[in-house]
Amino acid sequence: MKGLFSAAALSLAVGQASAHYIFQQLSINGNQFPVYQYIRKNTNYNSPVTDLTSDDLRCNVGAQGAGTDTVTVKAGDQFTFTLDTPVYHQGPISIYMSKAPGAASDYDGSGGWFKIKDWGPTFNADGTATWDMAGSYTYNIPTCIPDGDYLLRIQSLAIHNPWPAGIPQFYISCAQITVTGGGNGNPGPTALIPGAFKDTDPGYTVNIYTNFHNYTVPGPEVFSCNGGGSNPPPPVSSSTPATTTLVTSTRTTSSTSSASTPASTGGCTVAKWGQCGGNGYTGCTTCAAGSTCSKQNDYYSQCL
């Protein structure tokens with residue numbers, strides 16, 4: 001019995017590890033720093049945030065400035081966010097910044113956020129779309145923003161389980177930075193988080209498996225020091241489809257005792273590997289035939 005329990009626990013751990021991820025390491029100009037030295041450490045392991053009204057959408061569950069160092073960077077410096085494992089779920093990657101009124105370590109992110117970068121889908125000539133599902137993401141601090149302390153936020157919006165049967169997942173981390181050598185730009189437009197994302201946004205509700213021909217990343221327009229303007233959605237390729245690298249993982253499952261399945265909501269079902277429960281979760285709770293809603297932690301239950 002003990003052996004069976006251990007095997008079941010290992011199976012769940014493998015399933016969770018292969019499906020979830022966290023941005024945990026920051027690099028500046030190629031210099032990689034220790035895990036969580038400059039990134040606020042969350043308390044929900046690598047689980048996502050799904051509640052659009054939660055303050056956890058800012059920097060993740062339990063992520064605090066206290067105990068996190070703040071790194072000094074120059075405007076224009078290159079930065080990289082590295083994950084514990086490559087992004088596993090389809091969806092856009094976005095980077096935001098919010099200027100702290102004082103020290104970044106004391107800032108709760110309740111002010112305005114402006115977006116500096118989106119990675120959206122590439123639509124190929126064969127009618128498919130590919131996403132940049134990488135193990136790290138690199139961009140540059142805008143050269144024109146004012147000096148001072150900022151929160152630098154990266155977000156993966158996973159839309160692999162189409163709404164409303166499924167619910168999109170936000171994988172988030174915030175780094176604390178002090179910008180020097182900047183300018184007198186006025187970054188914007190800005191949006192509050194929570195509030196920047198709505199369950200009516202086409203980029204939130206889209207079904208990426210059916211008639212998926214265009215996409216707009218949720219959130220405000222991307223800020224540019226060259227007078228603003230967003231990065232437009234990638235156009236449909238008229239020639240050779242884009243080349244992508246497929247990240248594969250092996251999932252192992254076995255029969256196991258699972259958490260009680262919550263009451264069904266409206267007769268909808270969640271596909272295998274999708275989220276079916278957890279603190280703050282308001283989506284569908286009934287798993288598709290052949291899978292069972294299993295509690296991974298207080299924040300996430302998954303159809304296995």
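Here the Cβ of each residue, glycine as well, is placed from N, Cα and C on the backbone.
Listed in Swiss-Prot:
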- 1-19: signal peptide (SIGNAL)
- His20, His89, Tyr171: Cu(2+) binding site (BINDING)
- His160, Gln169: O2 binding site (BINDING)
- Asn214: N-linked glycosylation site (CARBOHYD)
- 225-265: region 'Disordered' (REGION)
- 237-265: compositional bias 'Low complexity' (COMPBIAS)
- 268-304: domain 'CBM1' (DOMAIN)
Cβ-Cβ neighbours of His160 (O2 binding site) (radius 10 Å): 18
Packing count at Asn214 (N-linked glycosylation site) (other Cβ atoms within 10 Å of its Cβ): 15
Entries of His160, Gln169, Asn214 which, being recorded positions, have CA atoms within 10 angstroms of His89 (Cu(2+) binding site): His160, Gln169
Neighbourhood of Tyr171 (Cu(2+) binding site), C-beta criterion under 8 angstroms, separation at least six: His20, Tyr21, Ile22, Phe23, Asn46, Pro48, Val49, Val87, Gln155, Ser156, Ala158
DSSP three-state assignment (helix, strand or coil) for Gln169 (O2 binding site): strand
Whole-number mean of pLDDT values that fall within the domain 'CBM1' (268-304): 67
Cβ-Cβ neighbours of His89 (Cu(2+) binding site) (radius 10 Å): 20
Count of other CB atoms lying within 10 Å of the CB belonging to Gln169 (O2 binding site): 23
His160 (O2 binding site) and Asn214 (N-linked glycosylation site), distance between Cα atoms, whole Å: 16
